[in-house]
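**Student:** Shown below is the structure under consideration.
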Amino acid sequence: MQRLLFTPLTALLGSPCLRLLVPRVVPRTQCGCSCGIRRPLRPGQYSTISDVALQPGRGTVSLPSKAAERVVGRWLLVCSGTVAGAVILGGVTRLTESGLSMVDWHLIKEMKPPTSKEEWEAEFQKYQQFPEFKILNHDMTLAEFKFIWYMEYSHRMWGRLVGLAYILPAAYFWKKGWLTRGLKGRVLALCGLVCFQGLLGWYMVKSGLEEKPDSHDIPRVSQYRLAAHLGSALVLYCASLWTSLSLLLPQHKLPETRQLLRLRRFAHGTAGLVFLTALSGAFVAGLDAGLVYNSFPKMGESWIPEDLFTFSPLLRNVFENPTMVQFDHRVLGITSVTAITVLYFLSRRIPLPRRTKIAATTLLALAYTQVGLGISTLLMYVPTPLAATHQSGSLALLSVALWLMNELRRVPK
């Protein structure tokens, strides 16, 4: 028999106590002649943690697989939370038109913000050389510039925090041997995606700093690069959350019926639809498409506006015409909430565990809340607090969709 002793993992994560596998002390004999004397230890038996640590090649004690899975699962859950925070903060940065306030990128140097008046004036002068100041903010004061600068600064610093939250614990767990072979590949991919996100973010910002002599439009980042930046963040978030839920939530042993198979497939399709709807929001934000038709359910006086296909070739309208972009986002949103409603009623026809039913009900409630937020944001001409709440709601909806998918996943044989 072995005893599981608890030791705190406070070095990096500050998480709850973890179990370390330590061989049990050999019991004392109960006979009269040898009372109070330990029996000799057989080879491979150790009475204390220090005895184990002193053995050659035994400098570390491995966690049991289940305990290691719980620790890694909690870590990835925290990581997915930091990614969600970055997405929300990035949305607020876009809504406050702060994303072009920092006109260069340095991994270490920019971590120290300006402190003196001279440093702030130098930073402001750099900003004045770019199109956003010349066309849109030519009457901006230094105090106003500080606000948008700090918004972008906080987003960049949060991005660095996300990188540290992934890379440092990953290296620690790898060294301790707490990652299975399959998890190693997944964790490497997640860390690589984090680094890619940082580079993609700067690539996106550069598109808004370029001079465009033939254009009199408001300077903004490319909607294509914005969608790529948001899309990769959503992929990182979904992969981290899915892996975390798979490690932390025990699987249900559901009977593999035809109804369950249909429900599982429909849940996967619905989650993909929710993802696509959230991604289409990047094009709405990138083109300020939320300001072209502020009415619902009609767009102006008609169900289908006349300027839906003004660009040539026609495919350009899907990604570059603000009217078409808003129309697509509406259609995707309505389709998503319809699919979620159907998914909910399908789940009611199958005997499911209580936790799975809670996930389906939560998904339905969030879907209709999200629709209400979207309509309110549109009718009120996109106020920043309401629009930020709507963007956060899309993440919450995607999270619960993943939770429901995880509840319905097939148990490996």
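Any Cβ shown, glycine's included, is placed from N, Cα and C.
Please treat TrEMBL annotations as automatic predictions, because they have not gone through curation.
Predicted, not measured: the structure shown is a model, and the values here were computed from it.
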**Student:** Need the matching range: TrEMBL marks transmembrane segment on one of 64-81, 388-405, and I'd like to know which.
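**Tutor:** It is 388-405 that TrEMBL describes as transmembrane segment.
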**Student:** Under 8 angstroms, Cβ to Cβ: which one of 157-175, 225-249, 270-293, 329-346 has the largest number of such pairs with the transmembrane segment (187-205)?
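**Tutor:** Per the Cβ count, the answer is 225-249.
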**Student:** Counting only residues 6 or more past its boundaries, what in the same chain has a CB within less than 8 Å of a CB in the transmembrane segment (329-346)?
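**Tutor:** Here the qualifying positions are 262-263, 266-267, 269-270, 273-274, 276-277, 280-281, 283-284, 289, 299, 360-361, 363-364, 367-368, 370-371, 374, 401, 404.
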**Student:** With pairs restricted to those 6 or more apart in sequence, evaluate whether the transmembrane segment (225-249) and the transmembrane segment (270-293) have 3+ C-beta pairs under 8 Å.
**Tutor:** yes
**Student:** Short question: which residues 6 or more past the ends of the transmembrane segment (388-405) have a Cβ under 8 Å from it?
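**Tutor:** Beyond its ends, the transmembrane segment (388-405) has Cβ neighbours at 84, 87-88, 91-92, 95, 234, 237-238, 241-242, 245, 264, 267-268, 270-271, 274-275, 277-278, 281, 340, 343, 356, 359-360, 362-363, 366-367, 369-370, 373-374, 377.
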